[in-house]
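Below: the structure, in structure tokens.
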Amino acid sequence: MDPSKVKIPPMKDLTVDNITENVIRINSLCQDERLKYVLERLVTHLHDFARETRLSTDEWMTGLRFLTEVGKICSDVRQEYILLSDILGLSILVDSIDHPKPPNSTEGTVLGPFHTHDAEPLTPGASISHDPAGEPLLVVCTVKDTHGNPVSDVKIDIWETDSTGHYDVQYAGRDGPDGRCIMTSDKEGVFWFKAITPVPYPIPHDGPVGKLLKLLGRHPYRPSHMHFMFEKGGFDHLITALYLRNDPYETSDAVFGVKDSLVVDIGKAGPEYAAKYGVSEDHALLTYDFVLVSDEETSELRARNSKEALDKLGRKVKIVNGLPVPDLD
């Protein structure tokens, strides 16, 4: 960039009171309206935070060192930044904003740091876990749209821990995926598989995020759950999970992921399911009916929610590519 050819506003004599407007002014050279808007709001809130808390140099440097340590511990199988976002409630907030749900559809929740891309496609009824110590569980689910129609050929990514509360990627000797798979819904929207009953477990707390939780007086535990991710053209991407009722951490999830509509009971197969799926009548059973939202429904709801929320803040915006930017017309 040649400074002589760019209209850069003069920035001198910067103070506590005028630094924010000057940073925003020079960032306004950005041609990307969305990026410019995001940075304008970020700088505003970041500077207001520093002014409101009277942030000290030592605290500022402590924060920078903390973020450096978060980055250092990240790897292909451990994403500490996702953990940080999770324990601050940002992950669930962003999901709720970007993937709004109409009534009676399945709510989303956090992805977590242990999803992988090497899960293998399995046929209906296959077992996703090879843990002999886990309590066997039959899982039978349906996928429908918001009008009650079955949705076939949905790609469903599923993952859970073993009976000790560890995901496969947490083992140094991992030689392939376990406790995870990819299923596809049939023409009736049904998919079913054999798993083990989920157990509660702590998120990794041997790193900087764990140290932060300890300083805050918070525990690192997540309630018993099983992850699901749904993908099909024409439908909004759904990341969700099912949580077991009466788990000791049901109301204090370290990453704020539990929603009432996602809390389920483990029952028994009984005569009907036992005969149909080849298990004993007292075999543990989990059933759930997932409801996907179309891209069109999601786009309309997201735009409406954005306009309403920002109107309340007195901000005039327009929707561009599904996201709000200032409306200067």
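Quick reminder: no glycine exception, Cβ is built from N, Cα and C everywhere.
The annotation Fe cation binding site is assigned in Swiss-Prot to Tyr167, Tyr201, His225, His227. Taking all protein chains in view, 28 other C-beta atoms sit within 10 angstroms of the C-beta of His225 (Fe cation binding site). According to DSSP, His225 (Fe cation binding site) is assigned to a strand segment.
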- Message: Can you give me the residues near the recorded Fe cation site, meaning same chain, not Tyr167, Tyr201, His225, His227 themselves, Cβ no more than 8 Å from the center of the site's Cβ atoms?
- Response: Gly112, Phe114, Trp159, Glu160, Thr161, Gly165, Pro198, Arg222, Met226, Ala241
- Query: Across all chains shown, how many C-beta atoms besides its own are within 10 angstroms of the C-beta of His227 (Fe cation binding site)?
  - Reply: 23
- Who sits close to Tyr201 (Fe cation binding site): which same-chain residues at least 6 apart have their Cβ under 8 Å from its Cβ? Thr161, Thr164, Gly165, His166, Tyr221, Arg222
